[in-house]
Amino acid sequence: MGIALAGTGSKLPSKILTNDDLSKIVDTSDEWISQRTGIKQRHIVEEGENLVSLAFEAGKEALKSANVEGKDLGLIIVGTSTQDKRLPNTACELQPLLGASDCACMDVSSACSGFVYALSIAYSMMNTLDIDYALVVGGDVLSREMDWTDRTTCVLFGDGVGAAVLKKSDNEAGFLSFDIGADGSKGFALYDNSYGDDRYIRMDGQEVFKFTIRTVPHSIEKAVKRAGVHKDDIDVFLLHQANLRILEAVSKKLDIPLEKLPHNLERTGNTSAGSIPLLLDEAVKKGIAKKGDLILLCGFGAGLTWGTCVLRL
Ligand code: ACO
């Protein structure tokens, strides 16, 4: 028995903040943000929206597209670093809203790699605990953690949540490999010391950029090799949406056509753990990732962490 993707869903907050809007708050410009990152706008939560409300909408949509009911879930995992509250965890808050009960519920904090980390945990738990259906959510509300006077960070991020339902599979569809890792010695490059004297996200952008260019191609190569396939066999590479220049550099380094690396960061900004499931849901809805396709997901971010997986849809 394998474990396969059965359905996807996503939810972005309704309020949009454009680069021009930001240029009225901090000393920046649409030209600078577009050229350095590719981002044109991001979605930001408003009064009445939070991580749970977005995750509920994304989860509901994923269950519907998988034709699975909440009561069938044996596991809910949420990859996030921006829980609405410390206790209970986000997955526990989602459980009754989605009509699930009794199932295991946990959050995983691995920043922008959170969704792939959560997928790998769900994969293992479904096998060891004999679980038929799991809901894996990835999302963050980073706007709450932003220093809106710091132009080096606030232009990069947005809020959003994506979700996927996993099920046992007895055909060719399913996860083929994972590569998960971290380099804690580089934690200083991107952190949010909420319990200390500075409650905002701080980043050494160039250090993160260097790490990404070094680590992401290596992790992709490892996951592809473990899956027993060749990188040319992969139909779509869904990479964490941090920066268009990172996608271009990875495409060049691995000699993968840029057309195989779809992106939505121009509309969403960097939504951290929401980034990959949001893009996955969009790729499925637009027919960019189709049944039978071989796809690769790759996240990277604070920790510094990374996570890659290969699956057949
Ligand atoms: N608007 C205008 N000017 C700015 C802005 C801004 N928003 N931010 C920085 N600048 C200025 C700097 O002050 C600097 O000015 P100076 O030359 O007078 O000192 C100049 O622009 C260049 O700054 P750099 O930091 O060198 O710009 P860089 O080309 O490295 O781009 C960026 C910054 C986009 C953050 C880049 O380093 C990057 O993409 N890093 C990857 C990190 C990333 O994407 N992080 C996202 C979260 S982590 C993750 O998801 C993996």
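Numbering starts at 1 and runs along the chain as it is shown here.
In case you wondered, yes, glycine gets a Cβ from its N, Cα and C as well.
Looking at the stretches 141-145, 201-205, 241-245, 286-290, the one that TrEMBL records under the feature region 'ACP-binding' is 241-245. Taking the C-alpha positions, the distance from Cys112 (active site) to His240 (active site) comes to 7 Å.
DSSP states for the domain 'Beta-ketoacyl-[acyl-carrier-protein] synthase III C-terminal' (225-312), grouped as helix (H, G, I), strand (E, B) and coil, give 37 helix, 21 strand, 30 coil. Secondary structure of the domain 'Beta-ketoacyl-[acyl-carrier-protein] synthase III N-terminal' (106-184) per DSSP, as helix, strand and coil residue counts: 27 helix, 33 strand, 19 coil. Rounded to the nearest whole angstrom, the C-alpha distance between His240 (active site) and Asn270 (active site) is 8.
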